[in-house]
Amino acid sequence: DNVVRSYKYSPLTFLPLTLFEQFQRAANLYYLLMMVLQCVPAISSIPWYITIIPLISILSVRGLKDLSNDMQARRRSDSEINSRPCDILISQSFRTKKWKDVCVGDVLRIHKDQVIPADLLLLCSSEPHSLCYVETADIDETNLKYRQALSATHNELTSNPSEEALGAFDVVLCEEPNNRLYTFRGQLQWRGEILPLDSEHILLRGTVLRNTGFAYGLAIYTADSKILRNSGKLKVKRTQMEKVFNKVVIGIVLCVLLAALLLAIGNGVFSTQVMRQTDALSALVVNSDAVYTGFLVYWSYIILLSPAMPIALYIRFELVHTVHSLFIGWDLEMYWQQGDKPAQARNTSLNEELGQVGYLLSDKTGTLTQNRLLFRQCCIAGDIYLMDLSWNPFSCGGLFMSAPALVDRLRRNQCPLSRQFFTALALCHTVMAEWKEQAASPDEEALVGAARELGWVFLSRARDFIVVSEMGVTRRYQLLALLDFTSKRRRMSVLVREPEGGIKLYCKGADIVILERLQKDCPYQERMETALELFAEACLRTLCVAVRSVPEALWERWNKTLSQSATMATCDRDVLLEELYDKMEMDLQLLGVTAIEDRLQDGVPETIALLQEAGIKVWVLTGDKKTAVNIGFSCKLLDPDSRIVEWQELQAEFDQRPEWGATFMSLTEHCRSVLCCRVTPAQKAGIVNMVQKHTSSVTMSIGDGANDVNMIKAHVGVGLAGVEGGQAVQNADFALSQFRFLQRLLLIHGRWSYRRISLFLRYFLFKTCSFALVHVWFGFFNGFSAQQDVSAENSLKFPELYHSGQKHELSSPLKLSLSLLYAVYASLVFFFIPFGVFYNTALDYQTMAVTVSMAATFTATIEIILMTRYWTKFNIAAVVVSVVLFFICTRITHNTRLFQQSPKDYYFLVWLTALLTAWTAVLPSVTAFALNVILTLHDKHK
Amino acid sequence: MLLKLGGHCSFQDFSEESCHGPGSDEMVQEENEFTNRPDNTAFTQQRLPAWQPILSAGIVIPGFVLIGLAFIGVGVALFVTSRSIQVLERDYTGDESGTPCASCANSNVQNSFGFCFPQSQGPVFFYYGLSNYFQNYRRYGTSKDDNQLYGVLKYFTSPSDNCAPYAYNSNNQPIVPCGSIANSMFNDTFKLYQTVNGTRQEVSLDGKGIAWWTDYNIKYRNPTNNPLKDAFNGSNSGLFYRNFLINPIYWSKPAYELDTSDPSNNGFVNQDFLVWMRRAALPDFRKLYRRISQDKYPDGLPAGNYSLEITYNYRVYRFSGKKKVVFSNVSWMGGKNEFLGIAYLVVGSMCVFMSIVMLIVYAKFKFPDEE
C-alpha cells in the first residue's frame with residue numbers, strides 16, 4: 001500500500017517506544033536505577049514510592065507531550081496526504097480511490113496538474129510519443145522536466161487504447177528502493193522482450209504533471225518511493241544550555257559517586273573502629289563485616305545524594321520552554337497582518353538559543369527582499385531602457401509604456417537585436433502558458449511578462465514546439481533541446497529551429513557565466529558591462545541574454561552525441577552532458593541585460609543594524625555578486641570599507657586544505673558582517689557547517705526557499721513564511737513572516753528566554769546541591785551512615801512554584817561553577833551552624849532536621865527574591881504560596897504539639913537558628929547584590 | 001506640534017462606508033479573516049503590570065546596617081541570657097583518676113560523689129549526657145518497630161525486620177521491645193541528696209512530662225491489656241504465644257516493670273524509655289533525666305552541698321565514651337547555648353562591617369574627584 005506514516009506511535013507501540021526514547025536520557029536512567037535501589041530494603045533510606053513519583057511524572061509529562069505532537073501534527077498531515085484522490089485501474093475500469101490505496105503494480109491515471117502519488121513507470125500519455133512534463137519544484141531547483149514512455153508501451157497503448165491493454169504488463173524488475181532521485185535502473189519484461197528502464201521513464205512521487213492531458217503509470221514504489229526515502233529524519237537539535245547542563249549532570253553524577261565512595265569508606269572505617277566497641281552498635285555491622293556494611297552504605301548514599309541530581313529540572317525545563325514558545329506565538333508584534341500569520345516556534349526546545357546567537361546566516365532573495373520581482377530596466381544593444389511595466393502588479397496586457405524609445409524601435413523594426421532579445425525572453429524559460437497561478441520562478445514570470453507587455457507573447461508550449469506571437473504574428477518554433485538551469489550552471493538555454501529553418505540557441509544566465517562564453521569582439525560588450533555595473537549599483541538583479549546561430553552540421557553532430565549519451569550510465573552521462581552543453585553554449589552573442597528589482601522588505605536595514613549592535617555577526621549568503629554587494633550597502637550590512645569574499649575562490653582552497661577553515665573563521669571573527677557571493681545551495685550548508693565547526697557561538701540561519709533547507713537544518717533555523725512559504729518553514733525551528741520580526745525574536749524573546757533559563761538553572765543547581773551536600777557534612781557526624789532527612793524532601797517541592805514565568809537577570813553558563821561553589825558554602829552553613837547550636841544539647845534529631853530544612857527554605861526564598869527584579873502578581877503569589885506551603889507541610893509532618901513540651905522554649909531556638917543560618921547562607925549573594933546596586937548606580941551617574 | 005485632522009473628510013468617508021451594506025459586511029468579514037491573530041492581553045504580550053523595585057545605595061547600606069544591628073541585638077540578648085544560665089556538669093565515667101566517681105567503672109554497685117551547687121534561679125533540670133555515642137547512626141535509628149511500639153499485639157510476636165538482629169533471640173523468641181535503640185536504653189539511675197547539717201536529705205525529682213507530648217500521647221501506646229503484664233506473657237491477650245516473649249537482651253527487667261513506683265509509667269510510655277527512643281542529632285548529646293521537683297523547690301535548687309548516688313549499669317568505656325550528669329536551669333532560649341549568641345554577634349558585626357565597606361565604595365564612586 002501507499003500509506004505514509006510519519007507518525008511514530010500507535011496505541012500498542014506508544015508505551016515501549018516512549019520509554020525507550022526517554023531512557024536514553026542519562027538522568028532518567030539514573031533515576032530508574034535509584035528507584036531499583038530503593039526497593040532493596042538493606043540499603044533504602046527513603047521509601048521507594050518517593051522516588052517513583054518524580055520519575056513517573058516526568059515520564060508521563062514528556063510522553064504525553066510527544067504523543068500530542070504526534071497526534072496533532074503528524075497524523076493530521078499524514079491523513080491529509082493519504083486521503084488525496086487518484087484514479088486506479090480496478091478490474092478494467094478506473095475508479096477514484098485514495099492515495100493510500102495505491103499498491104505496487106496498480107495502473108494509475110494521472111490528470112493534468114495532479115500530484116503523482118507514487119513512483120510510477122510511465123506507460124503512455126495523451127501527448128505524442130507519450131511525452132509528459134513534470135514539475136519537480138518540490139524536489140530540486142529545476143522546474144520542468146519531461147518524461148517519455150518506452151516506445152513499446154506507447155505503441156501498444158496508442159494502437160490499442162483500452163483498459164485491458166493497460167493491465168497487461170506483467171513483470172517489471174526494479175532495483176532496491178533507494179533515495180537516489182536521479183537514477184533508476186530496471187527492466188520491463190513483456191512479450192518475451194526485455195526492455196531496459198531508466199529515470200526517463202519514471203514519474204516520481206510528489207512531482208506534478210503539467211502540460212499533459214493525462215498519463216498512465218504503473219506503480220513501482222509506493223511507500224518506498226524515492227522522495228520518502230530521501231526525506232531524512234530531522235536531526236534532534238540540542239541547545240548549548242542543554243549541553244552545559246548535561247555536562248553539569250555528568251559532573252554531579254561523578255561527584256555523587258565519589259562522595260558516596262568516600263563516605264562509604266568512612267563508614268567502613270567507622271564500623272571497624274567505633275562500632276565494634278559500642279555494644280549498642282556492634283551488632284548492626286551487617287554480618288559482622290565492615291566492608292560489606294560499607295558496600296551497602298555506598299548504595300544508600302547514592303540514593304540519598306540523588307536529590308542533587310536535578311531530575312525535576314527536566315520537567316521544568318520543558319515547562320519553561322513550552323511557555324516561552326507560546327509567548328513567541330502570542331506576540332502581536334510578530335504577527336503579520338497581511339498574511340494572517342503569527343510567528344511560530346516549531347521546535348519548542350531551542351528558545352534560549354535565541355538569546356545566544358552569535359552568527360546569523362541569511363539568505364538574500366526572499367529573506368532580505370520581498371521576492372516580488374519587478375522588471376525595471378533593460379539594456380539592449382548597449383542602450384538602456386527604463387521600464388516600469390510592473391508598477392501595477394495586476395497590470396496584465398495594460399499598455400503602459402515608459403520606454404517609448406524602445407517601443408518605437410520595436411515597431412519600426414529597426415533593431416534586430418532588440419527583436420531577438422524579446423524573442424529570447426519569450427522562448428528561453430520553463431514557464432507553462434496554462435499556469436493560472438504564479439510561475440515557479442518569479443524571475444521568469446517577470447521576464448516573460450515583460451516580453452508579453454512589449455508584444456512578444458508566449459502562447460503555448462508542447463514537447464516539440466513553442467508558439468509565440470511576435471508583434472501580432474504567430475510563430476512556431478521547433479524546440480530542439482532544453483539545456484536546464486541548475487544552480488551549478490547558473491544558466492539555461494533553448495535550442496530552437498526558427499520557422500524560417502535556421503537553428504538558434506537562446507541563452508540566459510548570470511552575468512559572469514554568460515560573459516565568459518561570448519564570442520570575441522561582441523558588439524556593445526563594453527557598454528553592456530557598464531550597464532551591468534549600473535544595474536547592480538541600483539540593487540537590481542541582472543541576467544544576461546545571449547543568442548547563437550547554430551550551423552546545421554554542428555547541430556547534427558551535437559545531437560548525435562546527445563542521443564548516444566542517453567544510453568550511458570548516469571554518472572558518466574552527467575559529465576558528458578555538461579561537456580556537451582558547454583560546447584553548445586559558446587560563441588554567444590550578447591543581446592542584452594535585464595534588470596529586475598527585488599525590493600528590500602520593510603525594516604531590513606534597521607534590523608540588521610540593530611542585530612549588529614547586539615553583537616551578532618551577520619552573514620549573507622547569496623548566489624550573485626554585484627547585486628548582493630549593493631543590497632548589502634543598502635541594508636547597512638556593508639560600509640564602504642568592507643571587503644568582499646568570493647566563495648568560489650575560497651571553496652577550492654578549503655577543499656584542499658581544511659585547516660584553512662579555521663584561519664578563515666578567525667579572520668571573520670573581526671568582521672561584523674560577511675557577504676558570501678556566488679554560493680550554491682549546497683555551499684550554503686557547507687558554510688553554515690564551517691561556521692558551526694569553528695566557533696562555539698550559536699549559529700542561526702534564516703531562509704525562505706527550498707534551496708535554503710539544508711542551511712536551515714543546520715542549527716537554529718528560521719523559515720520565512722512570506723509569499724512562498726512551504727519547504728523552508730517545514731524544516732525550520734521557528735517560522736516568521738518578515739525579516740524584521742527577527743529583532744523581537746532574538747533581542748526580546750531570545751534574551752528573556754536565555755536569562756530566565758540560565759538563572760533558573762543556576763538557582764536550581766544551587767538549591768539541590770546545597771541540600772544534598774548537607775547530607776555529606778552530616779555524614780561526618782553520624783558515622784557515615786546515610787542519614788535520612790525527611791523534611792528536606794518537603795522543601796524540595798517548592799522551587800517548582802517559584803519558576804512559572806519569572807523574569808530573571810542575566811547570567812552565563814560559566815557562572816554555573818560559581819553557583820556550585822556557592823552551593824557548597826551554603827551547605828556548609830546549613831549544617832555547621834545548627835551543628836554548633838545543637839552540639840551537646842538535649843535537642844533531638846528531628847528538631848535539627850526541621851531547623852536545617854527551615855533554614856534552607858528561607859535561603860531559597862531569599863535567593864529567589866534577590867533574583868527577581870520584576871515583580872508581577874504571579875511572582876509574588878508563587879513566593880508566598882511556596883513559603884506558606886512549606887510551613888503547612890512542616891506543621892503536618894512535625895506537629896505543632898512537638899513544640900509544647902520539654903523544654904518548652906525550644907521553638908525560639910529553632911527559629912533563631914534557622915534565621916541565622918539562612919542569613920549567613922545568603923550573605924555572599926546579598927552582599928554581591930548590594931555592591932551591584934551601588935556600582936550600577938555609579939554607572940548611571942556617568 | 002499641530003496635528004491637523006481632516007475631520008470632515010474622514011467622517012464623510014466613514015459615513016459613506018457605513019451606508020454601503022456590502023462594504024460593512026466586508027469589514028466584518030475582514031475582521032473574521034484574521035483567525036490566527038494572537039490575543040491581545042497583558043499576559044500573552046508579556047505586559048503584566050509589574051513592580052520593579054529600584055534599589056539605591058540609600059536603601060541598601062542602611063538596610064545592611066539595620067540588619068546587622070538587629071543581629072547584634074539578638075546576639076547580645078542571647079549571649080547575656082546564656083551567660084545567666086547556670087550549668088553544673090560532672091563527668092562520672094570513672095575511668096580517669098581525679099574525676100568525680102573515679103572508680104565508679106570498676107564497681108558496678110552504687111557509687112556516689114558530692115558537689116556544691118550555687119543558688120539557682122528558676123527551675124533546675126537534671127540531664128544525663130553521653131559523648132561519642134552515635135544515636136544518629138542510620139541503621140541504629142531505624143532499628144525499631146513502630147507498630148509494635150504503638151501497642152499492636154500482632155507485632156509482639158512477629159517484630160519487623162528493621163529490628164534485626166534484635167528481633168529474635170537465639171531461641172527464636174521475639175524480643176519486645178525489639179531493636180537496637182530499645183536494647184541499648186540508658187539504665188543508670190540517680191538519686192540526689194542535699195547534705196544539710198550533716199544529714200542527707202533526698203531531693204525529690206519529678207520524672208513526669210519529660211518526654212515529648214507527641215511521643216507520649218500519639219506515637220507510643222501500650223496494649224490495652226490490664227494488667228499490662230498480660231500482653232507480654234500471653235495470658236488474656238487473645239494470642240497464642242508459641243514462644244514466650246523475652247526482654248531486650250541488655251535489659252534486666254521487663255518493659256512492664258520499668259517503674260515500680262508508678263504503674264502507669266510502664267511499658268512503652270515510660271518517660272525514660274520515650275526520652276531514650278527520641279534519638280539525638282549528634283554524637284555528643286544530653287537527655288533530660290528529671291526535673292527538680294517544683295513542688296518542693298519552687299525557687300530552684302538552694303545553694304549547698306549535694307551528693308549524687310549513682311547506680312552504675314551503663315558501660316561506655318569500651319567505645320571510649322563519656323558519661324556525665326548535668327544540672328542546668330533554663331531560660332526563654334532553652335539551655336545554655338553560647339554558640340548561637342556568638343554566631344549572631346559575628347554575623348551581625350559582619351553585616352555592619354560590610355555596610356561600612358559599601359559606604360566607602362559608594363563614596364569613592366560618587367565623589368571620585370575629591371579623591
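Every residue gets a Cβ built from N, Cα and C, even glycine.
What you are looking at is a predicted structure, and each value in this text was computed from that prediction instead of being measured.
Copied over from TrEMBL, here are the features:
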- A:1-52: domain 'P-type ATPase N-terminal' (DOMAIN)
- A:29-61: transmembrane segment (TRANSMEM)
- A:244-270: transmembrane segment (TRANSMEM)
- A:290-315: transmembrane segment (TRANSMEM)
- A:ASP363, A:THR365, A:ASP704, A:ASP708: Mg(2+) binding site (BINDING)
- A:ASP363: active site, 4-aspartylphosphate intermediate (ACT_SITE)
- A:ASP363, A:LYS364, A:THR365, A:GLU444, A:PHE485, A:LYS508, A:ARG541, A:THR622, A:GLY623, A:ASP624, A:ARG678, A:LYS684, A:ASN707, A:ASP708: ATP binding site (BINDING)
- A:729-787: domain 'P-type ATPase C-terminal' (DOMAIN)
- A:760-780: transmembrane segment (TRANSMEM)
- A:788-931: domain 'P-type ATPase C-terminal' (DOMAIN)
- A:820-840: transmembrane segment (TRANSMEM)
- A:847-868: transmembrane segment (TRANSMEM)
- A:874-894: transmembrane segment (TRANSMEM)
- A:906-935: transmembrane segment (TRANSMEM)
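In space, A:THR365 is the closest of the binding-site residues A:ASP363, A:THR365, A:ASP704, A:ASP708 to A:ARG541 (ATP binding site), judged by Cα positions. Here the C-alpha separation of A:ASP704 (Mg(2+) binding site) and A:ARG678 (ATP binding site) works out to 18 Å. A Cα-Cα distance of 14 Å separates A:ASP708 (Mg(2+) binding site) from A:ARG678 (ATP binding site). A:ARG541 (ATP binding site) falls within a strand when secondary structure is assigned with DSSP. Rounded to the nearest whole angstrom, the C-alpha distance between A:ARG678 (ATP binding site) and A:ASP363 (Mg(2+) binding site) is 12.
A distance of 20 Å separates the Cα atom of A:ASP363 (Mg(2+) binding site) from that of A:PHE485 (ATP binding site). Cα to Cα, A:THR365 (Mg(2+) binding site) and A:PHE485 (ATP binding site) are separated by 18 Å. Of all the binding-site residues given, namely A:ASP363, A:ASP704, A:ASP708, the one with the smallest number of surrounding CB atoms inside 10 A is A:ASP363. All protein chains considered, the CB of A:PHE485 (ATP binding site) has 22 other CB atoms within 10 Å. Per-residue pLDDT, averaged across the domain 'P-type ATPase C-terminal' (A:788-931), gives 66.
Counting every protein chain shown, 24 other Cβ atoms lie within 10 Å of the Cβ of A:THR365 (Mg(2+) binding site). Neighbour counts were taken as the number of other C-beta atoms within 10 angstroms of each residue's C-beta; across the binding-site residues A:ARG541, A:ARG678, the minimum falls on A:ARG678. Following the DSSP three-state reduction, the secondary structure of A:PHE485 (ATP binding site) is coil.
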